[in-house]
Amino acid sequence: MKEEVKGIPVRVALRCRPLVPKEISEGCQMCLSFVPGETQVVVGTDKSFTYDFVFDPCTEQEEVFNKAVAPLIKGIFKGYNATVLAYGQTGSGKTYSMGGAYTAEQENEPTVGIIPRVIQLLFKEIDKKSDFEFTLKVSYLEIYNEEILDLLCPSREKAQINIREDPKEGIKIVGLTEKTVLVALDTVSCLEQGNNSRTVASTAMNSQSSRSHAIFTISIEQRKKSDKNCSFRSKLHLVDLAGSERQKKTKAEGDRLKEGININRGLLCLGNVISALGDDKKGSFVPYRDSKLTRLLQDSLGGNSHTLMIACVSPADSNLEETLSTLRYADRARKIKNKPIVNIDPHTAELNHLKQQVQQLQVLLLQAHGGTLPGSINAEPSENLQSLMEKNQSLVEENEKLSRCLSKAAGQTAQMLERIILTEQVNEKLNAKLEELRQHVACKLDLQKLVETLEDQELKENVEIICNLQQLITQLSDETVACTAAAIDTAVEEEAQVETSPETSRSSDAFTTQHALHQAQMSKEVVELNNALALKEALVRKMTQNDNQLQPIQFQYQDNIKNLELEVINLQKEKEELVRELQTAKKNVNQAKLSEHRHKLLQELEGQIADLKKKLNEQSKLLKLKESTERTVSKLNQEIWMMKNQRVQLMRQMKEDAEKFRQWKQKKDKEVIQLKERDRKRQYELLKLERNFQKQSSVLRRKTEEAAAANKRLKDALQKQREVTDKRKETQSHGKEGIAARVRNWLGNEIEVMVSTEEAKRHLNDLLEDRKILAQDVVQLKEKKESRENPPPKLRKCTFSLSEVHGQVLESEDCITKQIESLETEMELRSAQIADLQQKLLDAESEDRPKQCWENIATILEAKCALKYLIGELVSSKIHVTKLENSLRQSKASCADMQKMLFEEQNHFSEIETELQAELVRMEQQHQEKVLYLVSQLQESQMAEKQLEKSASEKEQQLVSTLQCQDEELEKMREVCEQNQQLLQENEIIKQKLILLQVASRQKHLPNDTLLSPDSSFEYIPPKPKPSRVKEKFLEQSMDIEDLKYCSEHSVNEHEDGDGDGDSDEGDDEEWKPTKLVKVSRKNIQGCSCKGWCGNKQCGCRKQKSDCGVDCSCDPTKCRNRQQGKDSLGTVEQTQDSEGSFKLEDPTEVTPGLSFFNPVCATPNSKILKEMCDMEQVLSKKTAPAPSPFDLPESKHGATEYQQNKPPGKKKKRALASNTSFFSGCSPIEEEAH
């Protein structure tokens, strides 16, 4: 009897998974926020939902199980049904939470799901309840394309599985496999078997997407050991639903599309059931029969069960719509009321009911008689919890130990796989050789017998030779078998070493991981095939052995059967004879005793016949059994052959996969080698990325503006809707006037809101796509930056050095960093716009809006007005669409024309480009010809320069020869000058003598006008003789060619300026004349005391070769040894008279060290200046030769100073002598007549 309890709501747990790498790479943001310490989640900014449990992305599996699922297990042992239901979008973590992909290797991992944890907790509780007997059965089914498939059926064929409803037991599934389990390991193996058989495929949103709804059911029956009539039955349904999906996001095609349609259909029916159960306003009808999923979950939703719904959601803002839908369905599920009851056995329930009636009657009876009710009626014996806990602990330890042993044995089995196969092959070869050896041995025995019987000696010798050869063959066979076994052991050891050696390098590629998993799966299949093959071979071997043993028995039985049949025939004949004799004996009374004897004999014969027939039947049965055994053996041999073929195919496939993996590895190595070429193109790619980024920026800017406009329109539409709502409330208060206008305004606003909402959705999708593209660009740029920071090893071994690579990285790293920052800024902007639009859509699409949409139309008149307005809008929109289609066709036609024109222009441009290419080639040819011509001209100019240099050298040689001639002439002129000086000295001596004689005789005086005539054109004063013994005590000064040119130019200017410029010229001469250091003697300190004009050596100052100064007592007006305004330094004055001639003063007044022919006393003529200019041009290219010993002292000294002060590389100049006489530029000297 079922005991009803008060209805309890379905408990809902919300679980949010973290962002997956794909969503992070697309730049998705969290659209859910969790309130700490509260079971509340907020969508967007202000839309919140509250559930029984809320688990954020950081929550572990153990916490989810302990808080939400573990309390349901305690109710199972009280007789209540329980259901755990995982609901949500595809890829939201339902299978992960439920443990639908559990394997034995994940036993102690923290990521184990709910189903394995439920199994462990169930058996722990069972171990604690030692006073109960438990019977557990498990079943596993899936609903694939609206068909129920049994996951525990080994054949995986479509069995006849039907759904039936029992009034007492609820929903039952007829034809479903139920396996009895005793320990947790058996239950886990059933779960793993079902998981391996479940339909899983890959989509664009989930690489391991469940394509079916799966239900794992554990049925528990418990009985008290002390009271067999007290029993409870309960069921635990663990449901892993397939996720709802959109074809646009999953990109499903073919079978995947069909599966997705059926999944969405079943979930739609489930949503309708949840809505019907959660809405109190609707009728009592719930559409359970719309799908098989809702039919199977009929007891879990609104029936006899404690139900927990785990709503799994994705936090990415790109899945906000699906997440919001899941949250709304979960919120509706909280309103569902279940009525769980304790499931008791019907007979036990009836018995308990009768006991309750008896107790009630006893209570009434005692109350009637004034008695009391004993208080120990409902007392129950206590349980020994301590012993149960100790037993549970020991079982847990034993379970862990067995698990470790199992894992170790599995590893050893995997390593011995190849050895087993090779050993079997060698075993087969050895068996074949063993048969051959047995034949050889039999032949050998026959030969030995033949040798014994033979008498001919030659035949005996031949037979002995054959025997020796047989022995040799046997020895060689044994050696071959030993070598083969050794080779097999060596190969297996090498393979084991290779398998057990640690991996030196791990590839992060998914292909490598997939290859390893595939190899492991195939190895597992081979192990299973080997196990099955070994069992069947052992069975065949045993049956063959039994057949071989039964073979002689069969022949014996056949003989016995024949003999028995003959005996039966004989005995039948004897029996017939005895029957006839008995019939005759009955007629004869005297033969009564004989007839009794015969009658006994007849009975004995009948007994023998019956025994023989019984033996005959038994032997016939044995023969039939042998025939069936032979058929079984042949069938097993065929299966063994097929399994061996399958194993060979698996091994071949494993080798092919290994070869493919090796080829893939080689391909990857080639790609690594090609990194050098790719690195050279990165600069171009960077420029291309910059251009694309600019284009994308412009496009994204435009889309941002469009999204902002759509957002504004949506906001305006919502504002208008609020205003219309307010106006409608006001008009309702005033009356029912203007119904048509009100309905028209309301429908217009609704349509505008819907259109704005759809536009906002479209812009939202565009923004999501834009952010995805931006995120991909950021990932690519970051990968490029990392690859530039860490160049591959192959690249470091290239021709260019690592420093050059680092330089290239530094050049483009700043640009890449700036691009990444700008893209991240754009992503943040897109995320803010997405969040804003999503919030607006959440406000516009409230949960109650579909209900409130048509509440404004309450009468037929309002409905007619609405239909009339909608029909009018439809007609106008159709007309507008027709106009747009016409304009579109025209635009397409014009576009086609433009494309045609564009094609023609492109052809024209291609022709022009061809012509320009030809022109470019022609211009290139002309350029090359000009270059060749210029090269030839350059060669000719080089030849001409060489010739000019040759002619210049020849001219230089001529000038050098001319200089030598001039040097020779100067030497001759020097000799003439010396002779002239000697003559002048003699003349001076004679004049002095003459003057002395005149003074002495006082007969003749020198005429003053002769000596002091200022108007004389030229007055000659004989030079003072220069004795060769006198040592020069004055510093020599030289004059270079530049000073000589300056003096000549200055003297020419004096000719042009006239006599009035003499003072200034005199001052200029003092500037360039070097200062002479004069050694003043003691005799000349007081000056001279001449009375005349100080014109001869009688003057002390002139004798000391110095000028008269202030200390002299001579008359300054008469003294000719004075210079006005000058120091006492000897100079050579240069004056010019009215006729343009020069006057040379007494050479004795010249500073010591200067010769008589110092060029400062005369101005060179124009011919000398011309020759000097020509020589200067020549000397600018060639260094002047060493000065001759006949050069003037001043010239030598000036050249020395110039050479010390000239810059490096400047050629030294020298003074050139004229080809004419030295005095060609001077006026002739007139001698004084005595």
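Cβ coordinates are placed from backbone N, Cα and C, and glycine is handled just like the others.
Going by Swiss-Prot, these are the annotated features:
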- 498-513: compositional bias 'Polar residues' (COMPBIAS)
- Ser394: phosphoserine (MOD_RES)
- Thr799: phosphothreonine (MOD_RES)
- Ser801: phosphoserine (MOD_RES)
- Ser951: phosphoserine (MOD_RES)
- Ser1001: phosphoserine (MOD_RES)
- Ser1013: phosphoserine (MOD_RES)
- Ser1017: phosphoserine (MOD_RES)
- Ser1028: phosphoserine (MOD_RES)
- Ser1128: phosphoserine (MOD_RES)
- Thr1183: phosphothreonine (MOD_RES)
- Ser1188: phosphoserine (MOD_RES)
- Ser1227: phosphoserine (MOD_RES)
- 663-1234: region 'Interaction with PRC1' (REGION)
- 1000-1234: region 'Globular' (REGION)
- 793-798: motif 'Nuclear localization signal' (MOTIF)
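Overlay of Swiss-Prot feature records on the structure.
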| residue | record | DSSP (3 states) |
| --- | --- | --- |
| Ser394 | phosphoserine | helix |
| Ser951 | phosphoserine | helix |
| Ser1001 | phosphoserine | helix |
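Note: the CA-CA distance between Ser394 (phosphoserine) and Ser951 (phosphoserine) rounds to 123 Å.
Of all the modified residues listed here (Ser394, Ser1001), the one with the fewest other CB atoms within 10 A of its own CB is Ser1001. Here the CA atom of Ser951 (phosphoserine) lies 73 Å from the CA atom of Ser1001 (phosphoserine). Around the Cβ of Ser951 (phosphoserine), 10 further Cβ atoms fall within 10 Å across all displayed protein chains. In the predicted model, the region 'Globular' (1000-1234) shows an average pLDDT of 50.
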